[in-house]
Amino acid sequence: MPDSAVARSHRSLLSRINLEIREHAPVPQQVALLAAGLLLGLLVSALILVSVGVSVSALLNEFVISIVTSSRSMGNVLDRAAPLVIVGLSAAIAFKTRFWNIGIEGQVIFGAIGATLVANADIGPPELRLFTMGAAAMLAGMIWIALPLYLRLRLRINEIISTLLMNYIALNFLLHLLYGPWKDPVTAFPNSKIYEHVERLGSTGWLNISTSVAIAMVFVVIVAWIFAASRFGFLMKFVYANPAMARAIGVNVAVLTILAVLASGALSGLAGFAISAGIDNRMTQSFFVGYGFSGILIGFLARNNPIAVVFFAFLISALMVAGQSLQIFYQIPFSIVQLIQATIVICVAASEFLIRHRIRFVR
Amino acid sequence: MTSLSTTAAPISEQASCAATGLAALAPRALQLTNIVKSFGDYVALDDVSFDLRRGEVHALLGENGAGKSTLMNVVAGLYTSDSGTVALNGSPVIIDNPSVAHRLGIGMVHQHYRLVDTFTALENIQLENGHGNYRRSMAKLRDRTTEIAERIGFGIDLDRPVGEMSISEQQRVEILKILTADARIIILDEPTAVLTDAEADRLFTAMAGLAAEGNSVVFVTHKLREALTYADRITVMRAGKMVRTVAPNDIDTTQLTSMIVGETIVERRYPSSNIGDPKIVLKGVSQAGGGDDAPISDVNFTVREGEIYGIAGVGGNGQSRLAALLTGLMRHDQGRILLAGHGALDGETPLALRELGFACIHSDRAHYGLANDLTIMENFSVSAVLAGDFGSPFKIDKRRMRASTQEAVKAFDVRGVRALHQKAGLLSGGNAQKLVLAREFSRAPSIVIAHSPCRGLDVRAAAAVHEHLHDARDRGGTVILISEDLDEILLMSDRIGVMSRGAIVAEFDAPADRNAIGKAMTGHA
């Protein structure tokens, strides 16, 4: 086909609407579409909230004013965004080699277990404790993804299933630890004992930015660099776009996949560390909830672009924080909160569709 | 192009010659007038008029990107023209979507078949044409399809899953699908690109039968011989414009070629003047496991430096497997592949082979040649990046990459490149193949493995590919050309091996006798 703009033209049932694939949408247009999607989602959510009895002024106050102006809730959003950015990167890097890592949650759990192991046993000098915990978390995340990776490469076992099942194993192992050997000796609650001060990710001391946010940003830069400028990232594009061709031209697809997938596991593990040492200061039995699958969502919405990961992680984090305050201050049922979160995500995802397609009205 | 002259005239030719006079007088089944279609700034059809008579087989010829498929897609309702009129049997119609075309009795078989692999032939036909009660409609369709299939001589098992069928059987299912829908105008987009000569001949015999019943058949093709042999009339398009409609009797291949490309392209045999020492030797090479292609057993041949060794044969006789072995995609089970100056090859990776001076042109370009979703620059640069060029592992030097891609695109005359960051998938077949060649030849290879390098390419692009293969040979390179196109083999080769049932069954020195090779291809039992 000689046609450039139209890869495929398809007539829908509404025969006056033509759907065409865009070759490339300019960046400002992409941003505008995304913003429009977000706005629409917020509007629909506002309608939902008004319909369950929240006053319009309260809505404005809670969302627009307090999230943006209050440094405490902004800090809250950022703190939650940090691990979300890291899991988003984890998903992106695995998806880039067409390895569908659905096991981020399990790797997050194992990362926290690795970090807590170091904290409980006081391994290494206190000045390096956080570093050791982070390294242990990354190692534990890699270990947890290694088995599905091996199974996929050796026996072609679908990683979607195996990584998903590994989540349940990880969860039950976590519960075993928290109700058994690692139960908090002081309170007898199913938490690990609270981390010492040297084991907590505090503030960087600069603009009240926490260390976990700084760590996340460092990894955003690293991953963005790898994707955009390195040889590894260049070859990874081929593994993603056409693995058969990549192999035929001499790309070592297996090695590239192994490296990327291990990096994905390591990042998930690091996110577990960021949550437990940056937010909870201990490992709880539900610290991971909402992070594993959000990571997949973020990676997907960001189309594996590390910079876009930051944006979507921030969005999801804001939704999480706002959802909490809605529940607490307005007695909105959790199901409505979930409904709102899903509405916004769907609207943003729909704008993705418009970025890739053009709708034309004929005659 | 001497090699394209018609040799054996199939039976249908006499019938079509007789029909030529009648066709011009027969009533117009379809009349397109002043059709314009553009995509953005690109004008794909520029004021095109075309008519199709009742009872004729009409060939639509032209280069890649000439607008043939676009024109047919307008007729089939997939594209709506920007301006111009369409008349069916003399009355104007607006075909603004495929279901209208369907209702008007226009059926199109696309280049890529639209079949559900896991469904049987009949289920596929039902999917398109079934109405009302499933059981009753199945029974009715079975009778009707069987009747049509018998009438036009299509032997086909309606209850076999389409995925298990050969390409030519799948094509028959597609044709039956449109015939059971009462199509009177049958459009075939490059129907023979994937067929053998014999299969193509059978197809056109059936199409001639359909035309004789008063239907009209249009087929889009690159192959001049096919148009001259099987069509009642030939229409040539170039760069979105109509060139001329002619009767095959009034024209020869040379004239037709110059109509198609706007200039005269004649490819001549050009034997090697400097054949050197043996470069690659296959001794008793066998491979059976994995892959869809026929196994190969005990393959022996030697190719020297400065030589093009052509491997002829009917597709599916082990050529793909041989190509996979020679390009490092598979490892042989038995025998030895010896490379001068290196020793035995034993499961070298594609990368290792490249470092030994191999260049590979795979037959399946979309699968092995290019990553369609990536840019022209990336597709060109990947082999150099793998070899460690263009900056360090941490920082790729995009400026140098861009400069060298620019140079290669120019040197290899890759057209249709508006920007280097344009997706490679948007290039037409010929230009995509030129891009592959630019990449593969950028490192001055000493061994070239080319498998059907001109499949689906127009005359001009094919000539360019051939020129590059000759250049590689003249630089002292060793070229192995595996092709199902006997014309190409005869034109290019310094020596010819014939492959049949997984072995090289005969060898000929060029210039070889076409009939002798044909006999070896099919006669070996």
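Easy rule for this one: first residue shown is 1, then count along the chain.
In case you wondered, yes, glycine gets a Cβ from its N, Cα and C as well.
Features as listed in TrEMBL:
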{"type": "TRANSMEM", "residues": "A:31-57", "note": "transmembrane segment"}
{"type": "TRANSMEM", "residues": "A:102-119", "note": "transmembrane segment"}
{"type": "TRANSMEM", "residues": "A:131-151", "note": "transmembrane segment"}
{"type": "TRANSMEM", "residues": "A:163-182", "note": "transmembrane segment"}
{"type": "TRANSMEM", "residues": "A:206-228", "note": "transmembrane segment"}
{"type": "TRANSMEM", "residues": "A:249-277", "note": "transmembrane segment"}
{"type": "TRANSMEM", "residues": "A:283-302", "note": "transmembrane segment"}
{"type": "TRANSMEM", "residues": "A:309-330", "note": "transmembrane segment"}
{"type": "TRANSMEM", "residues": "A:336-355", "note": "transmembrane segment"}
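Comparison of A:163-182, A:206-228, A:283-302, A:309-330, A:336-355 by number of C-beta pairs under 8 angstroms to the transmembrane segment (A:31-57) places A:336-355 first. Listed by sequence, the residues of this chain that lie at least six past the ends of the transmembrane segment (A:163-182) yet keep a Cβ under 8 A from its Cβ atoms are 100-103, 105-107, 109-110, 112-113, 116, 120, 144-145, 147-148, 190-193, 283-285, 292. Residues of the same chain lying 6 or more positions beyond the ends of the transmembrane segment (A:336-355) and with a Cβ under 8 Å from any Cβ of it are 22, 25, 29-30, 33-34, 36-38, 40-42, 44-45, 48-49, 52, 297, 301, 303, 312, 315-316, 319-320, 323, 326-327. Proximity of distant same-chain residues to the transmembrane segment (A:206-228), defined by a Cβ-Cβ separation under 8 Å and at least 6 residues beyond the stretch ends, is recorded for 71, 75, 78-79, 81-83, 85-86, 89, 92-93, 96, 130, 134, 236, 267, 270, 274, 277-279, 304-307, 309-310.
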